[in-house]
Amino acid sequence: MEETKTHELEVEAESGSRMEKVYIAVGNDVQEGYKTIHWALKKWNNIPISIVLLHLCNISQDFVYTPFGKLPASSVSEEKLQVLRKYEDQKIDKLLSKYITFCGKVCPLSVNFVLFGKSKSAISGSFYVYQNKPEFCEFYIICGGKMVSLKNDVNNNNSNIRSWIGKMFHDPGRNLDRSSGNNDDPTASGSSWDKNLQEIENYFQQLLSLNLAEEETENVVEEEQEDDDDVALNVLQHMDVAEKLEYVRRKVNEAKLMIDEKSREVKVNAERSNRAEWAISLCNSRIGEFEAWIKEESERREKLQATLDSDKECIEEAKNYVEKGKTKLHSLAELQEVLSSKVKTMMEAKSQAEVELERVVLQRGEMITEIEKLRSQRDVFNRRIEFCKEREVIGSVSKEEVKCGYREYVAEDIRLATETYSDRLRLKSGGNWTNVYRGRIKHTTVAVKVIGDSLSDEAFGAKVKLLNEIRHPNLVAIAGFCSQRPKCLLFEYMHNGNLRDNLFTSQRKSRRSKILKWHDRIRIAHQVCSGLGFLHSVKPKPIVHGRLTPSKILLDRNLVPKITGFGLIMHSDQSDTKPDVMAFGVLLLHLLTGRNWHGLLKAMSMNQTSILRDLDQTAGKWPLELAKEFGALAVKCSSVNRGGNMDFSTKEIMEELGKIREKADEFKTKGGYEEATNSNMDEGDPNDIPSVFMCPILQEVMKNPHVAADGFSYELEAIQEWLSMGHDTSPMTNLRLDYQMLTPNHTLRSLIQDWHSKRAAQASS
C-alpha cells in the first residue's frame with residue numbers, strides 16, 4: 001500500500017480573501033526537491049499562495065524492505081519489522097523538515113497548482129497524475145529547476161504517432177504544384193511506403209511500449225536497489241551468520257538470473273537494431289524525397305514571393321495613385337465649395353443688381369418723363385422769352401429810328417468776325433456754297449449775309465428798316481448791318497441749319513442734321529404756319545414770302561423753326577397769299593413723307609391713301625389718326641387753286657394745325673406710339689451724332705481731336721489755323737488763352753472711331 005505524507009505551509013491572508021494551494025511533489029533527492037521548490041517560489045513570488053508538500057512512499061503491510069531484498073512481512077520478526085518501519089518514518093520526517101526549512105514563508109494563490117519534481121523514478125507517476133488531474137488544475141513537471149514539456153497520454157501518443165506516420169507516408173506530391181513538369185514521379189517510392197505502412201506503425205508503437213515498460217522496470221529496480229542498500233546497512237547488523245549466508249546465496253542466484261536475462265536482452269536488442277536500421281533506411285530515402293520536394297516547394301515559394309512582391313509594388317503604386325486621387329479630389333471638393341460659395345454670392349449680388357436695375361430703370365423712365373416735361377416747359381419758356389424780346393424790339397422800333405433798334409457795324413468788324421470771309425466759316429445749303437458766313441461779334445455767334453452791290457443804298461436801307469420792324473418768334477431776327485462795302489446783314493445764328501438738310505435723306509450727311517420725330521414735325525408745321533400767318537397779317541398790305549421752301553426754314557438749338565428770305569415783294573402790288581399757302585401744303589407733305597420729288601403732290605392728290613404707305617419711317621410710328629389728318633391738310637393746302645378752296649387762309653390752317661398739335665401732345669403725354677419707337681430709332685439711327693464729337697469751329701465730326709487751354713476739344717487743323725491767324729482767345733469763350741500748346745485727346749478719338757465702326761456695321765446690315 002502506498003502512503004502519501006503531506007505537510008502544509010500556510011500564511012494567513014487578509015480577511016475575506018481566499019487561500020489557494022500549490023501542491024509540490026518531492027522525492028528522496030533533496031537537491032532536486034530544492035530546485036523544484038525554488039522554481040515554484042520564483043514563479044509565484046508576488047501572489048498569495050499556500051504550499052502543500054507531497055512525498056510518496058511505498059509502505060505496504062505485507063512486504064518490508066530488508067538487506068536481502070523485498071521480503072514478506074511474515075518472514076521477519078515483529079520487533080525487526082517495527083524497527084525497519086520506524087527507521088523509514090524517521091528518514092521521511094528528516095527529509096520533509098529540510099524542505100520546510102527551505103520554503104520559508106509563502107503567500108496564498110487563487111488557483112490550485114500541482115508540481116512534480118521530475119526524476120527517473122517519477123516519470124511513470126507523472127504521466128499517471130497528468131492523465132488523471134482535474135480540469136481546473138494546472139500541472140507542471142520540473143527537472144533540474146526547469147519546466148519539462150509534457151507529452152499527451154499514451155492513447156493520444158499512439159493516435160498522434162499513427163497520424164504522424166500517415167502524414168509521413170502520405171504522398172506529398174499531392175500538395176505540391178501539379179503543374180510543375182520537372183517533379184519526379186513519387187508513385188514508385190510511395191508504393192514501398194504504402195506496403196510497409198502498417199509494419200512501421202506497429203514498430204513505433206512497440207518501441208513506445210518497450211520504452212515505457214523498461215523505464216518503469218528500471219525505476220522499480222533502482223528504487224528497490226536504493227531501498228535495499230539503505231535497509232541492508234541497518235538489517236545486516238541484526239542478522240546472524242546463517243542468515244547472512246542465505247542472503248549471499250540469494251544474491252548469487254539473482255545475479256545468474258540477471259546474466260541470463262541480459263543475454264536474452266542482447267539478442268533482442270540485436271534484432272531491434274536490425275529493424276531500426278531497416279526503418280532508418282526507409283526514413284532516409286523518404287527524407288531524400290522530402291528534401292527534393294521541399295527544395296521544389298522553396299523554389300516555387302520564391303517565385304510566388306517574387307510575384308507577390310511585384311503585386312505588392314503594384315498595389316503600393318495603386319495606393320499612391322488612389323491617395324493622390326483622394327488629395328486631388330479633396331482639393332477639387334474644396335475648390336468646388338469655394339466656387340459654389342462664390343457662385344452663391346454672385347447670384348445674390350446678381351439678384352440685388354437686378355432689383356437695383358429694375359429700380360434704376362423705373363427711375364430712368366420717371367426721369368425721362370420728367371425731362372420731357374421740363375423740355376416742353378423750357379421750349380414754352382424760351383418761346384415766351386423770345387416773344388417778349390420781339391415785342392420789346394418792335395415797341396422800340398416804333399418809337400425810334402432805324403439805327404436805334406439794332407447796331408450798325410463797320411467793315412473791319414465784319415472782317416474780324418468772319419476771319420476775312422474765310423471759306424472755313426462759309427455755310428452750305430444742300431451741299432452748295434452760299435453767301436452766308438458764320439461769325440462771332442461781342443461774344444455772340446451770328447450769321448453774316450453778304451448783300452454786295454445787288455441793292456442800292458436806298459433799297460438796302462429800306463430792307464434793313466423793314467426787317468427790323470418785323471419781329472416774330474418764328475421769323476429770323478436781324479442783329480445788325482454794315483452799310484460799307486461789301487454790304488452785309490447780320491442775323492441770329494441758327495445752330496441746327498435749315499429744315500431741308502435735317503429732313504431729306506439725301507441731305508442727312510450734314511454733321512448738324514437731326515432726326516425729327518413725328519411730334520416735332522407737327523410742332524414745326526404749326527410754328528411755321530404761325531410765322532407765315534404773321535407775315536400775311538401785316539397792314540396795310542400782307543407780306544408774301546413767295547419762296548417758302550424747306551431751305552428757307554431754319555432751326556435753332558431747340559429745333560424751333562424760323563422763316564428767313566422774306567421781304568423781297570413787300571413793295572409790289574401782289575397781295576395774293578395763295579402761293580404761300582400752296583408752298584406750305586408742299587412743306588407739310590415733305591414733313592410727312594421725308595421725300596423731295598416733283599411728282600409727290602400729284603401722287604398724293606390722286607390717291608391720298610398712299611400717304612400712309614409713304615410715311616417717313618425715321619420719324620417714328622405715326623398715329624394713324626394724326627397721319628390721316630395731317631396728310632389731308634397738306635393736300636388741301638396744296639390744292640388751294642383748284643376746286644372750292646380758293647379762300648383757304650393761313651388762319652384756318654392755324655386752327656386745324658392747332659387741333660392736330662393738341663392731339664399730338666396728348667399722344668406724347670400718354671407715351672403711346674412715340675415712346676415705343678423713340679428709343680429704337682435713337683439706337684438704330686447712325687446719323688444721330690453726339691455733340692461732343694463735333695468740332696466747335698468746323699461743326700464736323702473730329703478726326704484728330706486736341707484739347708486747347710480753354711478745355712474744349714477741337715479738330716487739330718482748325719485750331720492750328722485759328723492760332724496761326726494771330727488769335728490768342730478761345731473760339732468758344734472768347735477769353736484769352738493761357739498757352740497755345742495742344743494735347744491729343746486719345747480717349748475722345750477712340751470713342752469717335754468706335755462710333756464710326758458701329759455706323760459702318762449698321763449700314764452693312
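FYI, residue positions are counted from 1 along the chain as it appears here.
Cβ coordinates are placed from backbone N, Cα and C, and glycine is handled just like the others.
If you look up Swiss-Prot, you'll see 198-391 marked as coiled coil, on the strength of sequence analysis.
Taken from Swiss-Prot, the feature domain 'Protein kinase' applies to 422-765, supported by sequence analysis.
Per Swiss-Prot, ATP binding site is recorded for Lys428, Ser429, Gly430, Gly431, Asn432, Trp433, Thr434, Asn435, Val436, Lys449, and the stated evidence type is sequence analysis. In the three-state DSSP classification, Thr434 (ATP binding site) falls within a strand.
As annotated by Swiss-Prot, domain 'U-box' applies to 688-762. Restricting the average to the domain 'U-box' (688-762) gives a pLDDT of 84.
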Starting from the Cβ of Thr434 (ATP binding site), draw a 10 Å sphere and report how many other Cβ atoms land inside it.
14
